[in-house]
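These come from Swiss-Prot:
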BINDING   Thr181, Ser182, Glu200, Phe201, Asp225, Ala226, Asp245, Val246, Ala247, Gln248  S-adenosyl-L-methionine binding site
COMPBIAS  13-84  compositional bias 'Gly residues'
REGION    1-85  region 'Disordered'
Amino acid sequence: MAFGAPRGRGGDRGGFGGRGGSRGGFGGARGGRGGSRGGFGGDRGGRGGSRGGFGGDRGGRGGRGGPRGGARGGRGGARGGARGGAKVVIEPHRHAGVFIARGKEDLLVTRNIAPGESVYGEKRISIEEPSKEEGAAPTKIEYRVWNPFRSKLAAGIMGGIDELGIAPGKKVLYLGAASGTSVSHVADVVGPEGMVYAVEFSHRPGRELIGMAKKRPNVIPIIDDARHPQKYRMLIGMVDAVFADVAQPDQARIIALNSHLFLKDQGTVVISIKANCIDSTVDAETVFAREVQKLREERIKPLEQLTLEPYERDHCIVVGRYVRSGLKK
């Protein structure tokens, strides 16, 4: 132990470097346990590996013995986007307007109608497609990842729902739009030729919904109570599909009132049912059966019922066909 050695920012310090090594201040080396440690730009050998100081990049979770020099990318890439190009292949889903990104992991995506903009921090994937004109530069197309843990509609698609009722060029009435997470993806699906009428009662998420709609011209935000559709009847024409995620005890009545006013004959009704919001005293299956019967009484013929497990607990999605002339046997 060299207590008599000169000390300072440029010199060597042996005392605390101990166990056979020496420690430099901002540019020296520390021999602790067989390795060397640089200050702001050096290497640290501690337990057999090397570590860049403030001048190096930090790698992933690579263990104590291995090098830690890789770029830091969080869990699955930077938040703003996902790696695309040649490593990701976009395939059309069986539901028109929905796509699957095949890569390291398969992702549900929609084509971004407002490129460069994300709504809730979702990943974006840019793909270059060859131009149809000979000699022209390839076209860059952006897709947004549709998270089934953030969207009941995406959870239904992942669960294998047969009929969606939402496709390019369609007009959709969305009840319970909240801040516009799912609405933005529905807007991507229907495309510039379609239209989404998004109804939300709460003003706080309604402000975010309006902000999202400013960048998507095919979204019309309506901040009003879906229990009184006559208040906004002058804003909405006839629609091809109604999607409802209102989570209210009287949601069947809310859906029926809006369907009677705005939904075309043979139009599609898609409902997300949360059992606890309707009746928490009975099991979920009983609640679902009661709601389906209420829909039958309102001339909505159920076509399929699908649980949203594992994405949502005690939730199901029901798809029905609206018959204006009366429910056919």
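Start at 1 and count along the chain as shown; that gives each residue its number.
Using N, Cα and C of the backbone, Cβ positions are placed for all residues, glycine too.
Owing to the predicted nature of the structure, the values given are computational and were not obtained by experimental measurement.
Feature map: annotations from Swiss-Prot on the structure.
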residue : record                               : CB count, 10 Å
Thr181  : S-adenosyl-L-methionine binding site : 22
Glu200  : S-adenosyl-L-methionine binding site : 27
Asp225  : S-adenosyl-L-methionine binding site : 13
Asp245  : S-adenosyl-L-methionine binding site : 21
Ala247  : S-adenosyl-L-methionine binding site : 16
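Across the residues annotated as binding S-adenosyl-L-methionine (Thr181, Ser182, Glu200, Phe201, Asp225, Ala226, Asp245, Val246, Ala247, Gln248), the widest Cα-Cα separation comes to 19 Å.
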